[in-house]
2 protein chains.
Amino acid sequence: MSVTAAAGFRAAGVAAGVKSSGAKDVALVVNDGPLSSAAAVFTANRAKANPVLWSQQAIAGGSARAVVLNSGGANCFTGAFGFQTTHQTAERVAERLGIGAIDVQVASTGLIGVGDEAFRAAVLHGVDLAAEALAADGGEDAARAIMTTDSVPKQAVARGADHGAAASGGRWVVGGMAKGAGMLAPGLATMLVVLTTDAAAPADVLDRALRAATRATFDRLDSDGCMSTNDSVWLLASGASGIEADEAALTAAVTAVCDDLAAQLQQDAEGASHDITIEVTGAGTEDDAVVVGRSVARSNLFKAAIFGNDPNWGRVLAAIGTTDAPFDPYAVDVSFNGVRVCHAGEPDRPREEVDLAPRATRILIELHAGDAAATIRTNDLTHDYVHENSAYAS
Amino acid sequence: MSVTAAAGFRAAGVAAGVKSSGAKDVALVVNDGPLSSAAAVFTANRAKANPVLWSQQAIAGGSARAVVLNSGGANCFTGAFGFQTTHQTAERVAERLGIGAIDVQVASTGLIGVGDEAFRAAVLHGVDLAAEALAADGGEDAARAIMTTDSVPKQAVARGADHGAAASGGRWVVGGMAKGAGMLAPGLATMLVVLTTDAAAPADVLDRALRAATRATFDRLDSDGCMSTNDSVWLLASGASGIEADEAALTAAVTAVCDDLAAQLQQDAEGASHDITIEVTGAGTEDDAVVVGRSVARSNLFKAAIFGNDPNWGRVLAAIGTTDAPFDPYAVDVSFNGVRVCHAGEPDRPREEVDLAPRATRILIELHAGDAAATIRTNDLTHDYVHENSAYAS
């Protein structure tokens, strides 16, 4: 049920004083092999944190033996000193584990601009502590050490379902942990995800599986339309199961874990009172469906209406009308929690029939312009969101 | 100081029962000529209200004798019945004034989906009342009749400054009124603006002047990133001054009135506690500067930070990093109310030096990538914004 669910991985999460609260703040995940193939996806933001700048280069060869992550500071826009901090962190991990620094991926999360001498000293101290604490059941500690505004740790696991092995529930595992309440691009807060598998797979297979999975999961979680400087998602394979995974089965398992973690991120989004699933059907292409769904997910007026339990379909149509996806705005049907309140661009069922009291909220937008569909996850815009994000830095 | 400041115009604002509150809800602005040249800019939203669909067609010839506007209902996504309501409204105005319906522009504002039989009857009744009440000093009443969530009417005036006439303060006038707390594209709520001038100018000159003015004013007011279905801005010329306006002078006067009205809209934006001016300098092109400024204006995290009096420059850099405007994110300077808190992508002055208590907030973003600049206006994201927009429909 964690980043150590797959064989061949150890992890740790320790309190090293990066956070002033004394909570766990440094996590280490180690791949003991025999393989060290790895893939990663990083934020599309051009303003990238120092650990992202490092990790992008270090993983270019498709290999990684460890991921070290800290909360309590993003080490972003901290200049040459901050990049040196990241480099020193990788070197310290390498030294403790007897591997090369190039095989160490680094992640940081917290406030932008935080990364001074004290930060550096605490993170390096955390590496020492974490290296001592590494354990085959350390996944839960690691998941806790990467939390910032998260109220709960996020972990998920899926068993491989290779041909012939499906009946037995699969013989390899994909496990993972996540923090944040956002998405890869964009993201509410920094989203960090580490996925591990004991299946045997080369880096190019991992890369394709990871990109396919994130595209359909984290990329469609749009909590508040903001894109982080630190978002990173890793997939590490140890091959410890001795089984070469079928690529389709691996992709399915990785996608299942990502989907589970994305749902956990959505449910823990800062200040949210509704988890909104926006399903767009009848689009010309899947990309069109995503664009349409995202336009609604980014409408503050729509999101505030959901907070107020108001099935305001006018705000849905006003949002999708700003896209250039091919459809006729006057042919669209919109349903809130199963009640079609707008048919062919005109009022349909009375809004009083819609019950928006449950946290889980389902919006269905039928474009009647094709056969493609996509689902976007978002949250409502609440007083608590404003409060948490106006008070976060203080 | 209003839409009747220019000679040749009469206006009225009456209470006709469109609003259940009994407040004024139908406005009529009439151009008595001798000219009837006119130009307009409408929402870029593909989901357009019925009055926009009508007015776009009716103004194609560059002429308009009257604009009739109602609050209390947007008449958007109300189907064929709603379009007939708009058409009947134009015909009723035409009948009362003895002009052609094609010379009548129509605008509506309020909730999407509102436009039933009772709405139609009330609006038509309002036309009758307004036609009776038309007066050369009716601008103030008209400005009040188009208010929805506005707390104050918005009016502005500028005197023409033609060559040779500048010393006397100009011999023609541009006046206007506005409602809403948003922008042309996008807009927070429906923004309706009627500008009048007694200068003599053909429709093509009015069109160029209006587009230049709105591009630099309303198009750069981005209160909450949402685009309305009803936004419309008109410029009507009566020619009653008998003076043919120099195009540059007319553009300058129209821009001045639009800028004044845009500032009034910003200051009355729903729930806002800060009026934020985002100035972007050192951009490669003016369009780049607008894109960069808009990315910040649309960041909920940035806007919530300002509400919390937090000079969170990290959220500024995270926002501008999502654009593809050419600049180096690690070379950027960011100042809050005159204090440079980020220099060359690293922390500069302490955040404690920044005073964000005043309502007027000035963000300066120096890109160091060229000579172009632009200014975007927005507001903070507050508890009151969430409240007003979650409770608006109830």
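The chain as shown is numbered from 1 upward.
Here the Cβ of each residue, glycine as well, is placed from N, Cα and C on the backbone.
Feature annotations, courtesy of TrEMBL:
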ACT_SITE  B:T190  active site, nucleophile
BINDING   B:T148, B:K179, B:T190, B:E270, B:N389, B:S394  substrate binding site
Site with most surrounding Cβ atoms, counting all protein chains shown within 10 Å, from the binding-site residues B:T148, B:N389: B:N389
DSSP three-state assignment for B:E270 (substrate binding site): coil
Chain A contacts among the binding-site residues B:T148, B:E270, B:N389 (Cβ under 8 Å): B:N389
Cβ-Cβ neighbours of B:K179 (substrate binding site) (radius 10 Å): 29
Cβ neighbours of B:E270 (substrate binding site) where a neighbour is any other Cβ within 10 Å: 26
